[in-house]
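Below: one structure, written as structure tokens.
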């Protein structure tokens, strides 16, 4: 009779009528055994009460090895009466029956037992029901299933699995499970992805077994090195250790870099002198200068096709990102275009004229005005949006939320004491910076202010956040790094929220952008700074400051 079936019968305690004479005889014999066992338990309890006072005795069994032998307890007991003879008769009769008859008999047997006896039998059955499926599957030609099961383990569990036995270690090695673990992390974590690109081990990932790849041992040794790199980067952020690179723009007429955006190859910046400068991110050399605006370039965004810029000349211009050619000029706002965002065929611009314009972008040359949003009582300084909401902030001290699909007003977020200069919106979270020198975190769905961050001494001009950090720049020339998760925890003390203050700019900080490895910021001091937290040299450096490399652009 199979063990798993017996165990299921034990748990269900199903009882059915039985007419077979042999079963009646066996049950009669069983009652003799049960009566003896109950007497032993009573004696145990009496002895325990005598020496230790009333105790709850929980009988235990030593789990036997899986065998065809009798069930044995933790101690040997003397046989009583005709137990051995009756037991042999029971076993002989039991062996003669079919499996269905055996099941039926055991059902009745179990139903006549008490609860603690069920516990003994359950302990006896547990080791019989255990199966090493990781070893058994390859024996059936199902290696891929064993590999797939183990591929869901994290690193600590995978290390433990390697120590179970040689067969488990073979499955992990031949299945390249350390490689698969690293690939999973690269797919889901931007920090891992960035490290794979920068340290060149991405080329060994996402390749099938037919191509030439290193053995599993390579990935096994690579994993702890990656963890060490990540811990070093996190420590650099916390301690402010960085390598600093500086671009001196040296504008002729007016100084200041109002806006920027970057990728791995380039930095595109909008300047107070009406120009757009494109810089090589590796050499820091100026690759191209775009001219056409008749006022300062206050905002910009680019993708793989176009650069879109807004200016104090009240226009929005669309440029070819490769050639620098002007593709379109949008004339709508009556005053300076202070900020813009575009994504998936939709663009939103805002202006000093207190309005917000929503545009449909069919192509760089086919951009049409969909709707104008009016409601702010002062200049609209910043906008952001996703598929659900458009969020705008103004000098009137309010943040307004609008429906992206209908452009209808939804709600107002009130709390800042003075005008709002910057914000970012993602998921349910809005983070805003104001001329009241504070940063506020908001739940966009209910409009509640979740936290107020204090520390800047002047207007907070720019702000960005990711899953870990908030980075802010202000007119006090300082960049502050905040712990986002702590800021969202109402129990976290205010003194623990600011991780580091970075001071290198000599003027107001106008704009910044950051990722897992760096911050790039621009300032009224006419510089662009690259704060690198990955490639940090520790030779003779003080905490928070690093040697800088400067490139000066002299306009001709």
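Each Cβ is built from the backbone N, Cα and C atoms, and glycine gets one as well.
Database features (TrEMBL):
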DOMAIN    143-181  domain 'F-box'
REPEAT    250-289  repeat 'WD'
REPEAT    290-329  repeat 'WD'
REPEAT    330-369  repeat 'WD'
REPEAT    373-412  repeat 'WD'
REPEAT    413-452  repeat 'WD'
REPEAT    453-485  repeat 'WD'
REPEAT    502-532  repeat 'WD'
Restricting to the same chain and to residues at least six past its boundaries, which positions have a Cβ under 8 Å from a Cβ of the repeat 'WD' (290-329)?
254, 256, 258-261, 268, 270-278, 335-342, 347, 349, 351, 364-365, 367
Could you give the mean pLDDT over the repeat 'WD' (502-532), rounded to a whole number?
96
Quick one: do the repeat 'WD' (502-532) and the repeat 'WD' (330-369) have at least 3 Cβ pairs under 8 Å, skipping pairs fewer than 6 apart in sequence?
no
For a three-state summary based on DSSP, what are the helix, strand and coil counts in the repeat 'WD' (453-485)?
2 helix, 20 strand, 11 coil
